[in-house]
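Participant: Below are the structure tokens for one structure; questions will follow.
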Amino acid sequence: MNLKEKLFPENRLGLNRFWNFSRGGIDNFRTGLRDAVSGVEQTRSRMMEYDQLLVWAILSLMLIGLVMVYSASITLADGPKYANYSSNFFLIRHMISLAIAIGVGIWAFKIPTKVWDRYSPVIFGITVLLLIAVLIPGVGRGVNGAKRWIPLGLMNFQSSELMKFAAVIFAASYTVQRQEYLHSFVKGMLPMGIAVALVGGLLMAEPDMGAFVVVALIAFGILFLGGINAKLFGGLIAVGLMSGATMIAFSPLRRGRMLAFMDPWQVDNAANKGYQLTHSLMAFGRGEWFGTGLGGSVEKLHYLPEAHTDFIMAVIGEELGFVGVVVMIFLFYWIVRRAFLIGRTALQLDRSFAGLAAKGVAIWIGWQAFINMGVNLGLLPTKGLTLPLVSYGGSGILMNAVAMAMLLRIDFENRILMRGGKL
């Protein structure tokens, strides 16, 4: 002890108090820092439980769809068909549909994949009954000569959209259960062929050939990925092509659409069956590289029918240009790519149903987007298919959200298993 400490003992006491306080402060700081870092790691761990980029791609398409639906529909109230509606009518309805879809999607994400597997036959059967109900007078609602909707208050539910989802889970479950019979026509191919033919007959009675094409692609695409006999699959493709050609040949409406598709600029076609296609092509032409800007479309001013639904891609091409179209294609490519990768991972983890269901979602979204874009660009004959996650339509948005939720759930379960966890 030095002289100063002997003469002023209170200073020593003060120094000890200061040291104890400082040391306690440092310890508290370290504890707080450790807790903060632990919290960040836990948050990061929770964030890694799902594919963030996939979620952002889905939300981006929904947001672009909301903006473009508003842009494409804002002038519809000026026409006689929607004269009693406000200019914001379709925007508000689409916002409600998105809110319902996201809410249902969050709920669907909580459903384990094995539940979809267990109840897939029940869901498929209920959906078939709904397709029958649409055709019953007084139950189904007709629009533009087609009976495809069941009025449910906030939205007109389209049973064919539910059938696309039902086809994914039913075909995946069927393929897993019939794995040993996939090389047999009678026990492997025929039962699924009968189911698809039944659904096809109901959809063609509405009529909704576009939905039937998508359902058939989903069902037989999953069978192909599940390991069906190559010769049987080749025969199936041949039968499908011949059936399609027969339907076109014996249907004046479809035959006229095919002729208009082959030469849309012919005078009679341009004013009738090829009217939508020619104006869609003009919309893309006006858009050039960077588009005319949001709200700058001319074709949506009562020239291009169904600009906010089937032909929304043409409005995107006109207002956002080639760059906007490329962005849309990339977003769909990313979703389809991730869905196939998630499915492959599930199969590597011996989760056959989950893997095939994920790939079924990829087939659904990929083919429907391809067909819609192909129709808008004049690469395919006109079909009444919307652009997934983008076009106006409550049923389509709802079932797309459920499919995306199931896909994210499969990815979530994959990550749990890869970390050594249990489902």
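Residue 1 is the first one shown; counting continues down the chain.
Even glycines carry a Cβ here, placed using N, Cα and C.
From Swiss-Prot, for reference:
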TOPO_DOM  1-53  topological domain 'Cytoplasmic'
TOPO_DOM  75-88  topological domain 'Periplasmic'
TOPO_DOM  110-119  topological domain 'Cytoplasmic'
TOPO_DOM  141-149  topological domain 'Periplasmic'
TOPO_DOM  171-184  topological domain 'Cytoplasmic'
TOPO_DOM  253-310  topological domain 'Periplasmic'
TOPO_DOM  332-359  topological domain 'Cytoplasmic'
TOPO_DOM  381-386  topological domain 'Periplasmic'
TOPO_DOM  408-423  topological domain 'Cytoplasmic'
TRANSMEM  54-74  transmembrane segment
TRANSMEM  89-109  transmembrane segment
TRANSMEM  120-140  transmembrane segment
TRANSMEM  150-170  transmembrane segment
TRANSMEM  185-205  transmembrane segment
TRANSMEM  209-229  transmembrane segment
TRANSMEM  232-252  transmembrane segment
TRANSMEM  311-331  transmembrane segment
TRANSMEM  360-380  transmembrane segment
TRANSMEM  387-407  transmembrane segment
Participant: Please figure out which one of 54-74, 89-109, 120-140, 150-170, 387-407 racks up the most CB pairs under 8 Å against the transmembrane segment (185-205).
Facilitator: 120-140
Participant: For the transmembrane segment (54-74), I need the partner stretch with the highest count of C-beta pairs below 8 angstroms, choosing only from 89-109, 209-229, 360-380, 387-407.
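Facilitator: Stretch with maximum Cβ contacts: 387-407.
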Participant: Where, among 150-170, 209-229, 311-331, 387-407, do we find the most CB pairs under 8 A to the transmembrane segment (89-109)?
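Facilitator: Checked against 150-170, 209-229, 311-331, 387-407; highest Cβ contact count belongs to 387-407.
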Participant: Quick one: do the transmembrane segment (150-170) and the transmembrane segment (387-407) reach 3+ CB pairs under 8 Å, ignoring pairs fewer than 6 apart in sequence?
Facilitator: yes
Participant: Which sequence positions outside the transmembrane segment (311-331), separated from its termini by at least 6 residues, show Cβ-Cβ distances below 8 Å to it?
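Facilitator: The answer is 57, 60-61, 64-65, 68-69, 71-72, 276, 279-280, 283-284, 286-300, 304-305, 372-373, 376-377, 386-387, 390-392.
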Participant: Sort out the residues at least 6 away from either end of the topological domain 'Cytoplasmic' (110-119), same chain, that have Cβ-Cβ distances under 8 Å to it, and list them.
Facilitator: 169, 172-173, 176, 351, 353-354, 357, 406, 409-410, 413, 423
Participant: Which residues of the chain, 6 or more past the ends of the topological domain 'Cytoplasmic' (171-184), have a CB below 8 A from one of its CBs?
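Facilitator: For the topological domain 'Cytoplasmic' (171-184), the nonlocal Cβ contacts are 117, 120-121, 191-192, 218-219, 222-223, 225-229, 232, 352-353, 356-357, 360.
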Participant: Against which stretches of its own chain does the topological domain 'Periplasmic' (75-88) lie, if we need a Cβ under 8 Å and a gap of at least six residues from its ends?
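Facilitator: 300-302, 308.
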